[in-house]
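**Q** Structure provided below as structure tokens; questions to follow.
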Amino acid sequence: MTLSVKDISLRFGGVSALTNVSFDVQEGQVTGLIGPNGAGKTSLFNVVSGIYTPTSGQVFYNDHEISKLRLDQINRLGVARTFQNIMVFPELSLVENVMIGRQSRTKAGALSSIFRTRKERNERSEAERRSIELLSYVGLDKKKDELAKNLPYGEQRQLDIARALATDPKILLLDEPAAGLNLQERVSLKALIKKLNAMDYTIVLIEHDVKLVMDLCSRIVVLEYGNKISEGDPQQVQSDPKVIAAYLGSGGE
Amino acid sequence: MLLKKYGNIIAIAALVLIPLVLNDPFLTHMGIRATTAAIVVMGLTLFIGYTGQISLGHAAFFGLAAYISGILMKSGFPFLGSVAVATISVGILGCIVGLIVLRTSGHYLALASIAVGVILQTLVKNSSITGGPSGLTAVPSPSLFGWTMNSDLAYYYMVLLCMIVGFVVLRRITDSRTGDALRSIANNELAAQSLGIPVFKYKVLSFTVSTMFAAFAGTLFVHYDGFIDPDRMGLPISIFFFVMAFIGGIGNLYGSIIGAFAITILEEYAQGFGNYNVLVYGLLLAIVILFLPKGLSDLPNVIQRWRTR
Amino acid sequence: MLRIKDIDTYYGHVHAIKKISVNVDAGEFVTLIGANGAGKSTLLKSIIGLQPVKNGSIEFLGERIESDRSDAIIRRGISIVPEGRRVFPDFTVAENLAIGARARKSTSAEMQEDIDKILDQFPRLKERWKQKAGTMSGGEQQMVAIGRALMGRPKLLLLDEPSLGLAPLVVAELMTKLKEIHAAGATILLVEQNVTLALRVAQRGYLMESGEIIASDDAKALLESDAIRKAYLGIEH
Amino acid sequence: ADTLKIGIIESISGAAAAYGDNHRKGTRLAIEEINNAGGFNGQPIEFHAEDDRSDPAAGINAAKKLIAQQKVDAIVGSSASLVTIAFTKENERYKVPAVNGQAGSPTVTEQGYKYTWRVNMTDGQLDSKAVEYFASQKGAKRFAFLVENSDYGKPPTQAAADRAKKVGATVTAYEQYNRGETDFKAQLSKIKETSPEVIFVHGYYTEGSIIARQIKELGINATLIVNMGQGVPKFVELAGAAANGAVFPTTWLPGLDNEKSKKFEEAFKAKYNHEPGAFEAGTYDSIYTVVEAAKRGGGSDPKQIQAGLAKLEGFEILLGKISFDEKNQNSGEVRLATFSNGKIVSFK
Amino acid sequence: MENVIQQLIFGLSVGSTYALIALAITLVFRGMDVINFAQGEFFMAGAFMGFVFHVDLGLSMWLALPLSMASAFILGSLLERIFLRKLEENANGLSLLVMTIALFIMLRSVAQLIFGSSAYRFPAMTDGVLRFGGIQISAQYAIVIAATFIIMALLYVLFTKTALGLSLRAVAQDKTTARMMGINVSRVNNITFGLCSVLGAVAGIVYAPIAVLTFDMGQLIILKGFTAALLGGLGLVSGAVLGGFTLGVIEQYGTLLLASAYKDLVSFSILLLIILVKPNGLLGKKQIQKV
Ligand SMILES: Nc1ncnc2c1ncn2[C@@H]1O[C@H](COP(=O)(O)OP(=O)(O)OP(=O)(O)O)[C@@H](O)[C@H]1O
Ligand SMILES: Nc1ncnc2c1ncn2[C@@H]1O[C@H](COP(=O)(O)OP(=O)(O)OP(=O)(O)O)[C@@H](O)[C@H]1O
Ligand SMILES: [Mg+2]
Ligand SMILES: [Mg+2]
């Protein structure tokens with residue numbers, strides 16, 4: 001067991017974004033997190049990645065409590081995320097965007113860069129090579145020198161994934177990675193996630209594309225109004241009347 | 001093309017040769033003024049331009065180091081020792097101040113930096129070893145190995161050399177992993193942090209380096225002018241440095257140098273307008289902002305865009 | 001109602017829209033589809049004057065608008081749900097909706113009527129009425145953006161991927177709603193990634209690729225066309 | 001013969017601009033008079049003026065420019081002490097004399113520069129004289145100070161406070177304020193508690209006039225002494241009735257009974273439409289001093305002027321007969337004046 | 001006890017002048033998302049306009065005040081048209097900020113060219129001193145305090161109850177989207193800047209009798225106004241007023257209890273402490289960034 005969410009509650013003034021949510025993420029699996037709009041999915045990511053401190057409850061990563069850590073510390077432990085709202089570095093090129101992700105896995109300090117030591121130069125060119133490789137995962141290597149702000153919406157989301165991967169995470173939290181992609185592009189995304197999963201990344205996926213979630217995930221957690229209303233494998237969840245009422249609808253897509 | 005490739009060398013050659021060829025003591029003097037300012041502005045650019053933060057208190061660090069170095073040398077310390085002690089101690093102070101004020105950001109950081117500036121200024125103004133409000137007078141000129149530097153031209157070359165070294169150092173920082181981290185903070189602090197970048201640490205680092213540049217420039221200033229008073233630590237001077245950084249082109253080290261030279265020249269040129277000098281200075285400033293919102297260093301691009309139109 | 005003739009749009013040197021012509025007649029429901037980076041959003045931006053067009057002309061209700069200021073174009077009776085939502089983060093839901101009615105200078109009775117309809121459509125917004133839009137969830141923000149556009153009672157409604165981030169049920173309801181307001185007389189231009197859905201609700205469609213229109217036809221015909229099937233639908237199921 | 005070229009450094013803009021105005025009026029009148037009377041050696045004298053923006057560094061710029069580029073023979077200025085303190089180093093270095101007729105800080109001449117001369121008295125001398133007079137002649141025992149926290153306000157009043165203690169009076173309070181402030185009730189409340197007989201205010205007349213008003217508002221009953229810089233008609237205009245009875249030490253004031261002063265007053269009023277004050281007189285004197293020095297030194301060369309300055313003993317200017325001490329500081333007579341019904345009159 | 005209250009009143013009266021400037025800063029910040037460094041100069045310009053109408057032309061205050069307000073509006077919107085309009089397209093907020101610095105330099109210098117370097121007296125609207133028992137406050141300060149609260153109320157209504165206020169705030173948040181809502185951004189900015197100039201004029205005119213008129217009277221007050229606006233919570237109308245009063249009281253007691261030479265040190269240290277504890281000002285709410 002890698003990630004374990006225990007009794008998490010999160011309140012903003014009167015608004016209860018999460019209420020006593022608990023679940024575990026198994027190593028090497030793709031876990032889905034679904035639920036209606038405003039159910040608290042993103043908030044849960046924000047708690048796990050350290051952006052929000054939970055009002056109560058804890059998050060454990062490999063039996064190590066991380067709910068009190070800063071987000072950069074959590075990232076360094078191996079938890080990376082993408083954002084639902086675009087959060088690329090607009091004024092940096094694509095390759096630079098991804099290279100920022102390499103920061104936590106590189107070491108050179110200000111002094112060694114002032115003296116341009118060989119080690120520093122090697123490390124830097126290695127980081128660049130790796131970044132371009134990661135860009136090719138999401139099909140953006142040809143645009144590597146473009147500024148991120150000039151990318152169309154869909155591609156900015158892809159860039160976000162490459163950037164998160166650059167931190168060499170063990171767990172990857174993806175928040176609606178398919179939003180803004182057309183069907184064909186969703187197919188590539190699906191392939192990418194499968195590939196990553198095969199490469200031993202543990203993945204947590206928030207998506208409103210139910211088909212994508214059902215195809216990819218071995219386990220699914222369903223939230224509604226901040227409460228966990230269901231959990232299980234795709235079959236179980238899909239046939240859970242509570243989930244159908246709250247989220248899937250009886251018609252089905 | 002040629003300019004791009006040999007631009008640096010041409011620029012350095014010009015900076016070295018022009019004062020020598022023209023041999024106008026006043027021009028040399030303005031050169032010293034501009035290069036000294038450029039050192040502050042380059043450091044400020046690291047913090048404002050690259051890291052995306054704001055400081056309106058750098059003049060206090062500039063002035064404080066000037067005082068320290070001046071007092072040390074007056075009390076018998078060697079030149080290099082005074083400069084080093086002043087720069088390093090102010091750098092340490094900068095680090096401590098950074099640890100405190102960088103908890104805020106945006107306009108509140110601007111205010112916090114102003115507050116720090118005012119506090120330091122008031123302390124200096126009311127202390128007796130600094131000469132109080134009357135300032136520190138008769139600060140000795142630098143002397144190296146028993147040779148006293150009292151030629152302006154020599155001083156100019158010394159400051160110029162410092163500026164070039166400072167430029168190279170900053171250039172290497174900004175072109176490195178550290179520079180990447182700083183720019184990511186300027187772009188999106190939260191995203192940067194979620195990618196494992198210790199944002200606060202980098203901000204403090206950037207602030208400390210920039211205060212050290214200001215401090216170093218302050219020592220160069222005081223041993224040249226031989227005089228400093230508490231007003232030089234004040235908000236107007238901080239704003240002045242800030243404007244230089246902006247006019248040259250924020251987030252661009254060449255811009256810092258261009259900005260420092262341009263404002264120094266602009267101010268001096270405006271003198272020709274007698275009573276209207278301040279108005280002319282303000283107007284020219286406004287015109288630059290209006291037509292070159294990305295600063296003077298953007299001029300080539302603007303011209304090119306204008307040509308292709 | 002909207003006649004776009006041979007326009008070009010550039011981002012610096014990037015030629016994002018290449019000599020495109022698009023017509024939307026009064027009362028029509030038209031959709032615009034295409035891959036990432038095809039130029040769909042750019043076309044919408046060009047229509048409302050946010051991205052200057054180089055050549056050609058844009059007519060709205062018989063008048064040339066391509067060199068008008070954006071706000072003036074909007075005030076002619078156009079509303080937009082922009083890409084990336086762009087709600088006003090410091091405004092509450094209430095204020096965001098109110099500002100949507102600014103261009104038209106609605107009376108307060110009209111506004112109340114519109115608000116009631118919108119809250120009916122998105123009950124979630126009622127619960128969040130006084131919350132700052134910037135703190136809302138992605139889908140909630142999308143609802144605000146859609147509601148805000150509807151507040152303008154537009155003659156022409158432009159939607160840039162309105163389904164983005166919405167839960168499946170909400171998307172279905174949204175499409176029904178769009179049909180409804182279309183039936184009530186509004187003209188709609190819809191940009192969507194969810195091609196099937198878009199072509200099901202719209203009457204006519206344009207297919208864009210690298211800044212050009214490569215096909216345009218009846219929605220049904222497009223849905224069945226080989227080009228679309230190959231590019232978008234062939235792989236489904 | 002060579003033309004005499006004078007460089008003028010004055011604070012046209014910045015914090016000391018009001019005093020730069022005095023400087024400009026005084027010096028220009030003198031130059032005009034001299035040139036109308038045939039100039040120096042039959043040639044009109046030339047001048048180059050620079051704005052020091054009330055900033056010492058800008059003052060150094062100005063001095064470098066005037067000396068190195070304009071090749072002036074002497075510098076007159078500046079209105080601001082700190083500026084003068086900073087730039088006179090250049091005069092020393094290039095051996096070009098500087099003559100000051102307005103700056104008040106003792107440090108200007110205390111630095112001991114050979115090429116720096118001052119014809120007016122220091123504020124320290126003036127303030128101390130005023131305090132001494134009140135302590136010994138008027139039997140005042142309790143003095144409170146309210147001064148601008150700057151080089152302008154502090155050093156002279158500290159000297160004056162020391163003098164007060166020396167002559168057996170007590171200093172009940174020594175409060176400070178910053179340039180530009182407009183409310184002094186906190187300081188005045190503290191001062192009021194110490195029930196002083198005299199309140200000495202040293203600063204610009206803008207703040208000073210407000211202080212005078214607020215002293216009345218708080219009902220403090222003490223004689224107000226202000227520094228020379230405030231002893232101008234503007235003070236009355238700004239302070240209104242509150243100015244009445246305020247006393248100030250000065251080097252010169254209108255209505256003196258001597259030919260030179262009368263002529264100056266007339267010419268000044270004709271040119272500028274208002275009465276001159278001590279600063280206009282001092283700066284006017286500084287130009288005459290340079291020209292006379294050139295005459296006595298035998299030419300317009302900086303060296304000759306410098307030599308001539310040393311020979312000026314006894315030369316009569318508005319401020320009295322010149323007598324430089326070993327630090328080139330002129331001494332002179334301190335007069336006390338007061339505001340009476342809106343007019344400046346001698347204080348008895 | 002009486003003295004304590006008296007000193008508090010003194011502090012509050014000084015604070016009200018800070019609050020007046022802070023309110024205008026708040027207006028521009030809410031409307032244009034920029035700190036207007038030229039606000040002190042609008043204050044100065046307004047005071048001089050009042051002086052010209054009231055003293056030079058001898059008009060009664062009832063005429064001079066509206067005339068000054070009208071001229072101030074014209075001045076403000078003119079400046080916006082010439083110097084700021086072109087920058088609004090440019091997303092870079094710093095360029096607006098630096099432009100207000102340039103405006104500050106220019107306005108001040110023009111005032112000096114017109115009115116010279118010397119000071120002028122603005123006659124008090126009333127000379128009276130109000131007394132409550134042993135406690136006194138000059139009537140002019142009472143006018144300033146009244147003006148502060150009136151402007152606060154007006155701004156509050158503007159921001160929360162009017163369509164213009166809504167547009168103004170929308171423009172400050174996101175100009176492009178504001179345009180998509182059919183808002184004429186340039187016109188809104190023009191009005192905002194005009195209004196901030198009007199506020200400056202009102203502040204200048206009610207304050208001028210307390211002090212004196214000089215071309216550089218805006219210099220110190222802008223720093224205090226800026227400080228007050230942030231201290232209370234940037235962008236909040238009530239924050240500007242609270243910040244102004246707080247700063248005034250802090251200064252008053254700082255001067256009373258400690259050496260007056262260290263007054264700035266005391267007040268800025270307290271300020272630094274406050275913003276470290278409350279990084280969004282006294283009334284500002286903690287911003288939780290939603291991602
Ligand atoms: N900072 C905040 N302040 C107030 N309320 C908040 C804040 N952050 C989140 N919320 C509320 O918490 C709830 C959960 O939001 P969250 O973003 O987690 O939803 P979600 O499940 O990701 O929805 P979506 O599918 O629409 O993205 C929402 O109703 C939102 O309005
Ligand atoms: N600001 C910009 N500068 C330069 N190029 C841009 C800019 N914005 C968009 N582009 C380019 O213009 C093209 C069209 O972009 P546009 O955003 O219109 O695509 P789209 O069809 O809306 O894509 P998506 O479905 O991802 O939203 C893309 O190739 C993009 O890279
Ligand atoms: Mg979400
Ligand atoms: Mg798009």
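Count begins at 1; order follows the chain as displayed.
Here the Cβ of each residue, glycine as well, is placed from N, Cα and C on the backbone.
In TrEMBL, annotation is done automatically, which means it is predicted and not curated.
Annotation comment: TrEMBL describes E:7-29, E:62-84, E:96-120, E:141-159, E:191-215, E:227-250, E:256-277 as transmembrane segment.
How buried are these features, and what lies next to them?
**A** A Cβ distance under 8 Å defines the sequence-distant neighbours of the transmembrane segment (E:7-29), meaning residues of its chain 6+ beyond its ends; these are 35-36, 39-40, 42-43, 135-138, 141, 144-145, 147-148, 151-152, 155, 172, 192-193, 195-196, 199-200, 202-203, 206-207, 210, 221-222, 224-229, 232, 234-237, 239-241, 243-253, 256.
Sequence-distant contacts of the transmembrane segment (E:141-159), counting only residues of its own chain at least 6 positions beyond either end whose CB sits under 8 Å from a CB of the stretch, comprise 12-13, 16-17, 19-20, 23, 26-27, 30, 125-126, 130, 165, 168-169, 199, 202-203, 206-207, 210, 237-238, 240-241, 244.
Long-range neighbours of the transmembrane segment (E:191-215) within the same chain, counting only residues 6 or more positions beyond its ends whose Cβ lies under 8 Å from a Cβ of the stretch, are 17, 20-21, 23-24, 27-28, 31-32, 36, 39, 41-51, 64-65, 68-69, 71-77, 79-80, 84, 108, 111-112, 115-125, 138, 140-141, 143-144, 147, 151, 164, 168, 171.
Here the transmembrane segment (E:227-250) has long-range neighbours at 8, 11-23, 25-26, 29-30, 148-149, 152, 155-156, 159, 266-267, 270-271, 274-275, 280-285, meaning same-chain residues at least 6 beyond its ends whose C-beta is under 8 angstroms from one of its own.
Same-chain neighbours of the transmembrane segment (E:256-277): 7, 227, 230-231, 247, 250, counting only residues six or more beyond its ends whose CB sits under 8 Å from a CB of the stretch.
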